[in-house]
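What TrEMBL lists as domain 'Ammonium transporter AmtB-like' is 34-442. Positions annotated as region 'Disordered' by TrEMBL: 473-518. The transmembrane segment annotation in TrEMBL covers 33-55, 67-90, 123-142, 154-173, 185-206, 226-243, 255-276, 288-305, 311-330, 342-362, 390-413.
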Amino acid sequence: MSSYNFTGTPTGHGTGGDSLTTDLTGQFELANMVWLGVGAAGVWIMCPGIGLLYSGLSRKKHSLASLWLSLMGVCVVSFQWFFWGFSLVFSHHSRSHMLGTFEFFGFRDVLGAPSADAAVPDITYAVFQGMFACVAGVLMVGGGGERARLMPMMIFLFIWMTCVYCVCAHWSWNPNGWLAILGEYDFAGGLIHQTAGHGALMYALILGHRDRDKNTKLPKYKPHSVASVVLGTVFITFAWFFFNACSAGNASIRAWYALQNTNLAAASGGLTWMFIDYFRYDGKWTTVGLCSGIVSALVGITPGAGFVPVWASMVIGIITAAGCNFAVDLKYLLKIDDGCDVWALHGVGGCIGSVLTGIFAADYVNATAGVYATPIPGGWLNHHWKQVGYQIAGICAICGWTCVVTAIILLIMDRIPMLRIRLSPEEELQGTDVAQIGEVAYEDEEEDYTFEPQPIRSRISVIASLTHQIKHPMGGKDDKIEQSMPQVVEAAAIPDTGSNSNSNSDEEDSKNKEKETV
């Protein structure tokens, strides 16, 4: 059996060398690549977990749309990441400290050269970081729950990932980014939650509150399925272990340290929120409160999972859960209808966690990565008092950029007729599932709204239908396929002749009797 004759030497740039003559794999530890590869698959599970969480928190007529947006987000962001997202964040030769170049446009030359994390090649790191980008995108679109039009949501997500997420990720995670040079600590993605949380805040603010034609005050609806909330939290927590532990970039002791910090913080946060709700809600151990506490604490520990001692993770979990609990009430004072609490849990939790990382970061925890570790001065535990200032600078820059750019994108889109971002009042009353998707999560015994994808043989062409939607982008009775199309199909199917009028009416009567019998 013949084998390749590898005589070349890895170049360390571009593709890393000619794979036909150079052993590109030999320069890396296989265990590290396996660890990040498994981690990428584990982080992916978080996206449908977020969909389940959003679905459970939504009303029933919008519940399927929440599941839909979680998978749609993965698809849109995965394409954006391949198209130019990875290049804008992790290009090796950035011309500025603000944004990368198109060096890896379309994954060109993404192969065997050492990545921003030198322990693994570019292709491994691109896959792993692509899952983080998917999580950020899915979290952010939750701000439009129950009232956003879905086609504009997809376009908005692609633009937002390019103009907001990729910019902020380059600042913090590319070695040439200005926050990385400044010395900000972000172990596993505090910026993910800061960008997604504040992006969702602006999405909810500009859309306005739900059922605005019926309610003068900010509406508050009960979750339609607490079971879905629990199941979503299970998926999210499971994925978060990979999210934080694999962010070490290698299979060192530091990875397992981050895993322990993640678990303890989640437990502490869940208990904290649950006890707060116990005293606020007449001695009831709320399940949604327990899940909210777990998720908020996971957000809080993320920036410092590989920097802080184990005991500090408990403190971070408690403080973050208490702060996010307060933020849920704060949104009512701000009169912003964020039904899925993306800002309260992720935006606020990410900021609290980042500040606490500056306080509790310890140089000896970072050093557990061994030869893979880059020395740090630590935080307040090491008497490095300026670190909190660096963390606050990062928070202000990331959150400020996110809010301003997100608002600009949405306000411009909303002034383009085809891209208006909100459902019409009729569609909103009907529900996103029926109005935008044509399917429902729960079948109604009395009515069947399910859309069957099949050719419709009628006198209305597809072009005419699209032209009508352009003229009436905000919807209305004329736009509803389920109302107009059956009438057209019926008119096309029944010849307009007087001789057959009696027979047609007899057939209709017999059909009606059969329906009544069924």
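We count from 1, first residue shown onward.
The backbone N, Cα and C atoms fix where each Cβ goes, glycine too.
Worth saying up front: this structure is predicted, and the values here are computed from it rather than measured.
With a cut-off of 8 Å between Cβ atoms, the residues of this chain six or more beyond the transmembrane segment (342-362) that come close are 139-140, 142-143, 185-187, 190-194, 196-198, 200-201, 204, 292, 295-297, 299-304, 307-309, 312, 315-316, 319-320, 323-324, 327-328, 330-331, 336, 376, 378-382, 384, 387-392, 394-395, 399. Spatially, the transmembrane segment (33-55) is not adjacent to the transmembrane segment (154-173); fewer than three Cβ-Cβ distances between them are under 8 Å for residues at least 6 apart in sequence. Looking at the domain 'Ammonium transporter AmtB-like' (34-442) alone, the prediction's average pLDDT is 95. If one looks beyond the transmembrane segment (255-276) by at least 6 residues along the same chain, the residues whose Cβ comes under 8 Å of a Cβ in the stretch are 35, 187-188, 237, 240-241, 243-248, 285-286, 289-298, 300-301, 304-306, 308, 310, 312-318, 320-322, 324-325, 365, 368. Same-chain neighbours of the transmembrane segment (226-243): 38-46, 48-57, 63, 132, 135, 188-189, 259, 262-263, 266, 287-288, 291, 294-295, 298, 302, counting only residues six or more beyond its ends whose CB sits under 8 Å from a CB of the stretch. Within its own chain, the transmembrane segment (154-173) is flanked in space by residues 72-73, 76-77, 79-81, 84-85, 88-90, 94, 97-100, 116, 129, 133, 136-137, 140-141, 179-180, 184, 186, 191-192, 194-195, 199, 203, 394, 397-398, 401-402, 405-406, 409-410, 413, 419, 421, which lie at least six positions past its ends and keep a Cβ under 8 Å from the stretch.
Tertiary neighbourhood of the transmembrane segment (390-413): same-chain residues 152, 155-156, 159-160, 163-164, 167-168, 171-172, 179, 182-186, 191, 194-195, 198-199, 201-203, 205-206, 347, 351, 354-355, 357-358, 419-421, selected by CB-CB distance under 8 Å and a gap of 6+ residues from either end.
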